[in-house]
Amino acid sequence: MSTAGKVIKCRAAVLWEKNKPFSIEEVEVAPPKAYEVRIKIVATGICRSDDHVVNGSIITPLPAILGHEAGGIVESIGEGVTTVKPGDKVIPLFVPQCGKCRACKHPESNLCKHGDLGRAQGTLMDGTSRFTCKGKPIHHFLGVTTFSEYTVVSEISVTKIDATSPLEKVCLIGCGFSTGYGSAVKVGKVARGSICSCVWSGRVGLSAIIGCKAAGAARIIAVDINKDKFAKAKELGATECVNPQDYDKPIYQVLQEMTDGGVDFSFEVIGRLDTMVSALMCCQESHGVSVIVGVPPNAQSLTMDPMVLLSGRSWKGAVFGGYKGKDDVPKLVADFMAKKFPLEPLITNVFPFAKINEGFDLLRAGKSIRTVLTF
């Protein structure tokens, strides 16, 4: 029996208040309005940005259903939707692409003005929610809201992908993999034969290492305080691994000494202010490029000596690896299907959705790279 046009009752993980576990609840998901799409989520990844909401580092209205990295199948569409149809495999886009705003039209920009990133309204574009639970409206997250068996997104926040692609793997392209990989190949524009460093070897950092390798870097130095991550980093392309705790000097000085004055490209993937500065300082002073990938805490400010930049270093940042979702995500899925890069080594656990809190415990304990939840 068709569910189009009807309210769907399904399971979702609701965060009622910060610093509390997720609660598996039955929620009601309203039908999509005009230019909206309702998606049956098949697989969704647990991202550290979701945990930043749980611990209060990222502010978003609560109660909310989090989740922003997923793959699913279109269940129904609202009036006026033309780019997807029921039955299509899709990836929701937490960075939308309207194609009309100034950012979307610029070839080097991807921050569509309609995105919820940074504004944290917790609603769809019309200012309302499609979720209710126990008679109360529940907020969306980043316009995609994937910790729910069904979700509703704006048409500009979803893209169709290869019908044969495995959603439990390509869901990583919805955030973490693209963020790291694109930071290397698209934002940093790593050059063949160059020297790169990546501060932190978590899932996004490993994806940046994959990107550096794909771009032809000659040396890729992984920096992490957890030596257990080094084997995986080397498996995916790191040529050297460095633990800052093994030295009695700042890590940027260690890297400068290892590379005859500094690396050509560095990537900060933690989101700490001190490591952002360190990643910049480890770059070669006349031409080094440092890319901020990690999400910093709210209301934090950096103080820098401008001479560090005046000498010739460049400091860049990007969200979602600089990718335009509708244009680039289908291409990334196609590249994965063509075996141009791996995703499997990044997935350490596949859990049923009900084990979401166990997945977050593993993330916080540093015992997982990526946990994927399946419905």
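Glycine is treated like the rest: Cβ placed from N, Cα and C.
Sequence annotations record features per position, and here Swiss-Prot assigns Zn(2+) 1 binding site to CYS47, HIS68, CYS175. Swiss-Prot lists CYS98, CYS101, CYS104, CYS112 with the feature Zn(2+) 2 binding site, giving similarity to another entry as the kind of evidence. Positions annotated as NAD(+) binding site by Swiss-Prot: TRP200, SER201, GLY202, ARG203, VAL204, GLY205, ASP224, LYS229, VAL293, GLY294, VAL295, ARG370. According to Swiss-Prot, the feature N-acetylserine maps to SER2. For LYS234, LYS340, the entry in Swiss-Prot reads N6-succinyllysine, with the evidence type similarity to another entry.
Projection of Swiss-Prot feature records onto the structure.
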residue : record                : contacts (Cβ under 8 Å, 6+ apart)
SER2    : N-acetylserine        : none
HIS68   : Zn(2+) 1 binding site : CYS47, SER49, ASP50, PRO92, PHE94, PHE141, LEU142, VAL144, THR145, THR146, GLY174, CYS175
CYS98   : Zn(2+) 2 binding site : CYS104, CYS112, LYS113, HIS114, ILE156
CYS101  : Zn(2+) 2 binding site : CYS112, LYS113, HIS114
LYS234  : N6-succinyllysine     : ALA222, CYS241
VAL293  : NAD(+) binding site   : THR179, GLY180, SER183, VAL204, GLY205, ALA208, PHE267, GLU268, VAL269, GLY317, ALA318
LYS340  : N6-succinyllysine     : ALA214
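Each residue in PRO96, GLN97, GLY99, LYS100, ARG102, ALA103, LYS105, LYS113, HIS114, ILE156 lies on the same chain as CYS98, CYS101, CYS104, CYS112 and has a C-beta within 8 Å of the C-beta centroid of that Zn(2+) 2 site, without being one of the site residues. DSSP assigns GLY202 (NAD(+) binding site) to coil in the three-state reduction, outside any helix or strand. Overall, the recorded NAD(+)-binding residues TRP200, SER201, GLY202, ARG203, VAL204, GLY205, ASP224, LYS229, VAL293, GLY294, VAL295, ARG370 cover a maximum inter-Cα distance of 21 Å. Compute the center of the Cβ atoms of CYS47, HIS68, CYS175, which mark the site for Zn(2+) 1; besides them, the chain residues with Cβ within 8 Å of that center are GLY45, SER49, ASP50, GLY67, GLU69, PHE94, LEU142, THR146, GLY174, GLY176. Residue environment of CYS47 (Zn(2+) 1 binding site) contains 25 other Cβ atoms, counted within 10 Å of its Cβ in all protein chains. With respect to Cβ neighbours within 10 Å, the binding-site residues CYS104, CYS112 differ, and CYS104 shows the lowest count. Around GLY202 (NAD(+) binding site), the same-chain residues six or more apart in sequence whose CB sits under 8 Å from its CB are ARG48, LYS229, VAL269, ILE369, listed in sequence order. Cβ packing within 10 Å was compared across the binding-site residues CYS175, VAL204, VAL295, and the lowest neighbour count falls to VAL295.
The secondary structure of SER2 (N-acetylserine), as reduced to three states from DSSP, is coil rather than helix or strand.
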